[in-house]
């Protein structure tokens, strides 16, 4: 029984092994469960109850003999064999295979490569070309379900899942192999496939050796018209043909495919069929021989007998057959070994060429109860009779769940079973059943049963990169794509899902034809209770459902549902608030809930919204609220409210008088963010609030606001009620509704809202929106943009846009309002019962108290007790302790600074200036210096320096002014300038003031209430330890001390009595040489004598005058300068209040010595100190003109180093001097300066910024002295460039980056001279420039920044073309060309140019497109020269552009005339030089005679003074402008100077000559190389160095030209040398060229060299440059072209292993062995094993070696390699094991000696003496054994 279980295979995966490229394998699954594309709807006709009537057969005995039963046993897979010819019906057609229905419910598969040879060849061509062939039809176009085909069984295999699979072939060569040319007779019916289309017909492949079969066009016409819809027959088309004529003994046959002839064809005796060559599908005349219950035996073609099983009787005649009856039958199959012929009497088979019509049964998938057994077949299965009398069949494997439980007794005729219809056999017209429990109970049987949107359960099969495969049914698998594994994107799905897990999925898409099932595991979608949309008709407006986003675009989101239904959520429907950048808010794969707005099913379009309308219930509400209807409050109304209760977020209130419930959020209690929580804290139930604004009302929910700014806006009627009233430019008051990453949404009192995008939120740079605003904050907003249609507006919150009037007035208004609200809070507090709270409410700033010190805390602050009431917390911070020594219990007089009404704390100060206030009359509007004493959120309290009065001033001067950078924040102790607005303290106890400009703030502030010091003032801890000791020193005293520590810019000294002093770097030496660090002159522990020159207060960092009371607590500032130690000394200026005053003593242009403190990486400047109290900054760009220094300033500048700097000017906002190390930096004409690229404008140039905000522009003509195709390629924003200032006439500077200007000393060659006006041009001159635009009358060509030329079309190309598109294609804007100046018209500023080859010596610009490609060799040459060509046209072009583009004449703009005329001599010289160079090239081109050809265009007629010394090649292109010196403005030279220069040049020349004669000298210029290659023209190494020389200077074109020259110059005999140059050229194109240029060079290289070498080199180049895809493609090409070359296979294997593709490498080895001759096999295998050792899996390598050596044990070379590899990669034990095996082989003594010697050497190197001896002993043993054998 064991053999019976798997009798009936149901398909499965098949590996299609083709020599070149495997086709995509069909999805592994059981095809039994799929039905054909057409569902036959016709019910089985009643008359087809046929088999039921078998009872009426003449012989009625059921118990007929066993032998009869066995004889008519129906087909099973076991009864098939390879080579068996069988008739089948196409059941399903897939892209890469056919599913064929075979007789008796069997099924087989035909792979795409088994149709015919011609079709397979076409497929291979398509694979090679990698694009579809036009005349190649796909399988679905060649075959249709129902077609009858003759097949041959090609193999019987077992699938991965253990199912048996039948592989078939339709190839006529296999099917008709049994026929020979001689056996062909007219009238024979054969099948064949079209192999090619000829002029008068088709060649048909009938698979008979030595026969050409031809189908004339005339004979095919009818078939083409009727069956092929009039289309010509294509390669691979399957035909039933009749042989009409046979010529030349079967050498040529003529065919016909006429329907009438084919359908009536009958095989006759005359056709000489034999049992050997009988073919399925032939119709024969036969006689019934014997009738049995299981079928008939027939006699046909006189001699042959065959059998018909019960399934293939004619249903209408079943039961009426009798002996000797004449019938027609169709041959179904012929067994090649047993020669059993099976036939069919079914009428459908008796007309050849007719397809089967019934392809499916109606109730597929139905579960049937109590179905009776009709008959049982031991090896095949059982038949059952269905309700309507129709017969059905179940294969053996489907009769039970497993073969262990199968009981044949249960299938006696009449027994009933429960079963399910699972398939339909077209060949037998039978339903197929299954009795397996798992199939009967399966939720889904076939893909057709699964509906999109259904929830299904499945088992996880595997997790791949493309998703997760889930088993859904017996033969069905679905894919969950990565995006659908969870609601969010999963990085490691294998952690959540494991193979075998049960999962619940929802079907996204099911395509039964393609057997494609896509599912989702997104929890929200799977568990959604909302209706699903599976077609556009389901989408009714208003429907809400879940979907997922598949694309996010700037116009909205595309949301997908089930069954590929998708819709668009437009931008305005994404949110109730405007979203400017959806891509930042939404992501692909996000599950969303959407509402359908509308849907057009016919157009498959749907509009959706994320704005979900709320539940429609509130509509019923008015009924219940009718009594309050008249009392409702309106938006914008002002009301009084009573507090009912407090919640976390605000107050629940009742609107009076009708007590309507409403809510007042905390943030809406005040315009001041800090006062909201304060009011919320102190308001209590029962309090009444007046003038509260109703903001919104929805669903009975009323929202209120008490912000005074909004209330006054509404009262004044300045609040627009709808969009039509809003216009750009309006200033509105609103509040922040919500904060997003991309901006903030602002709402206005009327309910309208707008978005303030991040870009216009603030004048300051916005890093994070939430730093600038908080929700609920009051703001002023200016409307910048209104979209009435979409009801959206954009707003600006910048202070510069939203000015609310004079800053001082606004500031005062905000302050008074804030203090007024605090007074309101105090009045609320005074109503409380608590004495403490009442006392606090009465305390105001400025009150004096006598308190007792309770304790001094760790942080230095003091807590007091003894206030007016116990439990009152009073504290003074460390700063406000004012440095006093305090102890517990001490009494102190303090002044109140502020009362914290939330924490119930009082902040006090012990500062004497405040406690001892001076009574002085103050004037309103007077300006005073003040010191900040206390900071609140929105205001600060400061004390006036003169009197000690406390004044409050607002920290903001605008509602939106809430963000401060750390550097802008005020600190306690900082000096400010205040203007008084009141002269008497009011109820608050404070004067009201407004702060002056920030520039007047003094003294570095201290951080955290002066506990630490600001970052800029990193104070030496040595100076701050403990409280500073008192001293009695005065300025001018001489002191002695010991050096305690040395810092970069100062030295700390300990004086007598432990006093700490400080010596600044500027006070150590009188004359400080640049570059030294003065502080290093002193050593720790050394005793020094110094003079006191000042005293620094450690709290304010000011130097105090000696008269100052705090001078005794300062740190003495000392000097050890020799000049100051003598009598005369200077004291530091201590009288000017602010450092700004001190800085003013320095003039711009003055030189100072400063000391480097640190390099600020973030701000990119050097921080320096000039004196102890004067600091400066040097912006990085002003530190050097060298790129190397700017790249690594830390290498050039040491901390503490003395620098000589020029004062550029004071930095007004800060107390710093701005300095420069490269001169005054005035940015005047002729100056060279460093700048940063800010913007790159294609085809125009660069915008460059300089320190202090200056901006300049660089034209593309000033980027370099030599124009290039992509002049701006190397420039990116922030790149540092060295600029020469050409003009300062405009506010924007005009700059040049040409090294001839920025670095004149290098005297670099100017390949393209500057052309600033038409005066710089001469007639006949050759110039390069850039194409401007194509105009009706010619091409505009830019020659300079303001000079444009015109080339008329007749001068553009010899091939005139009327197509403007052609010119646009070949002359795109910005293309570099060379042109010759034909004419100049100075009056009209016209420059006429020509691009013709005759004028420029360059190839024609349009020839390539009109005449086909140029000869390959010339191409390279012309590219280099094209660059030269581009120059000439540009002059005219730009001019024309600047005037109207359409004008006929081109005039030079006036701007050009204002430009100063630069001396022309230099430019002309440069130009002539270039021309003469190119002239030379031109002349030498036609005549290929040996000549001196110099690539760099050397001019022979140049004077001595213009010679340039040869420069060594530069190391890095980025540092090419390295140590250039600033350019001095050109001046006329005196006679003496000229003489000197001449002498200098002569010396230089003689030096060069000497250098040239030095044999060991390295070439340093193009000329040197030219000289060398002339002497050794065949040396590829020289040519490659020459190319490298050009590449270092990024002269790609020149390098190409050198390569081309080399290829022409090197002798044709020097193949290797030439190949080296080709490889270099390939490398160059790969790195710098395009794919196209690389391909061209490659094709040429293949022509001129041994192709294989070139292929291998290019593959290496690709691999090295990590172009793995291209390398892989190239290897595939090589494998086709050089499949006999083992080197290619080995190289490819190595390439794959390097890429960690071991599996692919193993397949390559298999393919190599198939393709290579067997003598190469061992070498290749050994090589692959070697590669495995080096790059792959050592274990696998060993296995390969072992395998090979077991087959070829005497291959000593393989043993040798194996030993080498094991020594390198294996263990010592492994090596010894191999040696042991080798020395016991029976090899020739010579070879054995070799291995013993190796073993000995190995042991000597790695083993012990004992091991060595052991080897020697074994060798001796071997010799003795050998000699004894010889003696015997």
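Any Cβ shown, glycine's included, is placed from N, Cα and C.
The feature region 'Disordered' is assigned by TrEMBL to 1-61 (among others).
Feature annotation from TrEMBL assigns compositional bias 'Basic residues' to 43-59 (among others).
Taken from TrEMBL, the feature domain 'S1 motif' covers 83-171 (among others).
Feature annotation from TrEMBL assigns domain 'S1 motif' to 187-258 (among others).
Taken from TrEMBL, the feature domain 'S1 motif' covers 281-346 (among others).
As annotated by TrEMBL, domain 'S1 motif' applies to 365-436 (among others). Across the domain 'S1 motif' (365-436), the DSSP tally of helix, strand and coil residues reads 10 helix, 36 strand, 26 coil.
Taken through DSSP, the domain 'S1 motif' (453-522) splits into 7 helix, 37 strand, 26 coil. According to TrEMBL, the domain 'S1 motif' annotation covers 453-522 (among others).
Sequence annotations record features per position, and here TrEMBL assigns domain 'S1 motif' to 542-611 (among others).
Annotation source TrEMBL lists domain 'S1 motif' at 636-707 (among others). Mapped onto DSSP helix, strand and coil, the domain 'S1 motif' (636-707) counts 11 helix, 37 strand, 24 coil.
According to TrEMBL, the feature domain 'S1 motif' maps to 729-798 (among others). Broken down with DSSP, the domain 'S1 motif' (729-798) shows 7 helix, 35 strand, 28 coil.
Positions annotated as domain 'S1 motif' by TrEMBL: 1036-1109 (among others).
Annotation source TrEMBL lists domain 'S1 motif' at 1149-1222 (among others).
Among the features that TrEMBL reports, domain 'S1 motif' is placed at 1230-1298 (among others). Broken down with DSSP, the domain 'S1 motif' (1230-1298) shows 6 helix, 32 strand, 31 coil.
Summarising the annotation, TrEMBL assigns domain 'S1 motif' to 1324-1396 (among others).
Residues annotated as region 'Disordered' in TrEMBL: 1394-1492 (among others).
Under the heading compositional bias 'Basic and acidic residues', TrEMBL lists 1416-1434 (among others).
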Contact between the domain 'S1 motif' (281-346) and the domain 'S1 motif' (83-171) (3 or more Cβ pairs under 8 Å, separation 6+): yes
Tally of residues which DSSP labels helix, strand or coil - the domain 'S1 motif' (281-346): 3 helix, 35 strand, 28 coil
Helix-strand-coil residue split for the domain 'S1 motif' (1036-1109), DSSP-based: 11 helix, 31 strand, 32 coil
Whole-number mean of pLDDT values that fall within the domain 'S1 motif' (187-258): 89
Number of helical, extended and coil residues in the domain 'S1 motif' (542-611), per DSSP: 10 helix, 35 strand, 25 coil
Secondary structure content of the domain 'S1 motif' (83-171), with strand meaning DSSP E or B: 20 helix, 36 strand, 33 coil
For the domain 'S1 motif' (1324-1396), residues assigned helix / strand / coil by DSSP: 10 helix, 37 strand, 26 coil
